[in-house]
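Quick look at what TrEMBL lists:
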type	residues	note
TRANSMEM	C:12-31	transmembrane segment
TRANSMEM	C:78-101	transmembrane segment
TRANSMEM	C:121-142	transmembrane segment
TRANSMEM	C:162-180	transmembrane segment
TRANSMEM	C:192-212	transmembrane segment
TRANSMEM	C:241-264	transmembrane segment
TRANSMEM	C:284-306	transmembrane segment
TRANSMEM	C:318-341	transmembrane segment
TRANSMEM	C:347-364	transmembrane segment
């Protein structure tokens, strides 16, 4: 867990660098920090280590998740541009430090071996996110979003803790290994029934974090209210870490009790898919649409959790990566356009604000299109393969009806994603050339190329995952 | 020496004595003192100037910052008590571990001070 | 059951005696405060009530009782009453854990001259002392007076700030004694091995914090009359005001006793062994109790001495001293103490620590001086 220690220290260092460094150099330093901790993460490849009194375990799966999470962090930092030029009201050093701290939380969530560690990781991640959501202090919507997120999030954490307590009460252990041992050495009849309540409650706590319906009500408002750059962070890092945790809890730890939770999770999955996609189709604001799209993607990923096949972990990884790249790019483009449009149009985050982007900014328009296509799951993009693997899993498990719903909902998805593409390419509008920084361009293009490469040649990573 | 919960029992004697003293005094002073209420006396005292509004006003944010900081640092200090009691048994390992802990504590402390939490004029 | 009962009775008697001593000392502190003030300002001081004005505290008490017990109409009535009561209660509750003497045998019963000997003695003191701020805060808030509110908030802010440094300065003592029990701490200091010789810095930090915790000059900003009329007790009169003032004097005495316990060997005095051999354990222990009270009274005198010597701090200076002065110093103290204990060379470590501290301060001063010039 060297990256956990490293990231924590880097965060503290970042706080102090804020007193002397300019915001652009802070950005570069933070990028270096994340790359450094990625290297530290990768160093444990092909080894299994237990850390911190056996409370955490790193193996290839957790390393893959950690790398994806840190990649998302890397993209967010690269897109951040040092948080603009507002010297008085933005504190880049603090933002970067909090980003690093929340990455620590995410890393704990993907490699926990003890339920307390899961809780600690989730809290580190969430508390950091509450703060970042409200970081636009002068914006009422941002404040509202932060408060909403905080209240709902603490509730969800309460559910998770209650679930942990029940599970602990029935299995006499907080360690995953201990729980598995006790479960396998106890006759199923003699297990107390509140164990099942505990599993469901833990599931609810985590499902809230990945914004699965019906625990999704905070998502649109929070995503819309938070500054776009942190929305990007939220929708990528939190989701990936949340899915890693859900997979670890539901499939790895309580996979043997599938019949007890599967109905609930099915129900949640299908509602998530339908609600996410249908509501997304009605949105006027592109940011809000992306929020609902993130709900719907949670639905797709939940499908593979339901299937619980040997390939599930690698599918979640692949899907997370594809989703991370595409979401980061789409939010990034949306962010620069909205920044440009602020003061020019009434609602700079609506689809209308994107009208005619392609005329003077062909590269931004292209990247945006690739990202949206990947989110929609059009072939030759990573998103297609992500969905394809998920559906294969379902098919292997003979889950026909969920597949039908999922495919139908993908069709709905194509509609609203294409709304964005249409306004970029076919609607007329006046957007001048938008200047972006060098790092922004690099990040944008590498994410785009990554999406395309993964779309054309999925086995490149599928063999590692 | 064995310590038992019953060691605390005599504290109730003290509590009773203190409570008795306080209640007795309060009642006696209430009975003995005269009572002459006038409208002007009822007002909040503000150096003789007619008082404006009441004291349910917002307070400088600095006080809240100090309070939050206190909670943080006090909890960290509470962690140090058990360490200090077992200091000799924990030996150098414990010392260095606590040194790291204190280092982090001090890092946060320096950060907060540099951030200007004690600049009361601002 | 029988011995336990007698022991309980003995403890109850001790507690009541200590209680009476505390109240008496507090009452006469008001008299001595005025006498000392008079002496320092070359005046006579109170001299009408009885010989040398010795009955002045009684006269004061009667006056306090006979005054109007006034509650402003805008105040929150019950909180307004509760404020001073809480202050008084917390002040009166602390003395139980202070060991006033060693084991004595009276009428065939053997017991310690200590209210309760518990393994968390020092934590008890801190817990109660930190509750003391509620009394002032509640009183200040309930008065519904802007000055009182400011005074209360200031008091709260100041008390919690200095509590940190106070707590940290204790830690070094705990490292020596390895116990939270006040009795054990005192026993570790017998025969002249007083902690003050090992912890001079810790003592200085502690006494400064004690001044701040008792809201005494130079840290009496909560009631600083030039800015806030009377501070948190602006609206108080009669015995409620009396409680606030009384609580302050009790706190002074108790903090003196705590300082004597932690740093000055508690009931230890030079020649304790000799007296114990000549007269027996019990008289020696009673003399020890006298020694402890004497030490505590000396600190009460120091409190008064400082009051008439030093001017008041400004509020930002006060907070700066607490946060940027005392807290880092006490952490440094803990580190040096730790190294000293573990390396087995406490004296060398202490001297090295002192030299390093002075060097560090000089270097820091040089650096900041350059900055100021530039």
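In case you wondered, yes, glycine gets a Cβ from its N, Cα and C as well.
Using a cut-off of 8 Å between Cβ atoms, the transmembrane segment (C:318-341) and the transmembrane segment (C:121-142) share fewer than three residue pairs, counting only pairs 6 or more apart in sequence. Fewer than three CB pairs closer than 8 A are found between the transmembrane segment (C:241-264) and the transmembrane segment (C:347-364), and contact between the two stretches is not assigned (pairs 6 or more residues apart). Here the transmembrane segment (C:121-142) touches the transmembrane segment (C:162-180). Their Cβ atoms form 3 or more pairs under 8 Å, with each pair 6 or more residues apart. Listed by sequence, the residues of this chain that lie at least six past the ends of the transmembrane segment (C:12-31) yet keep a Cβ under 8 A from its Cβ atoms are 46, 53-54, 56-57, 60-61, 92, 95-96, 98, 100, 111, 113-115, 245-246, 249-250, 252-254, 293, 296-297, 300, 304.
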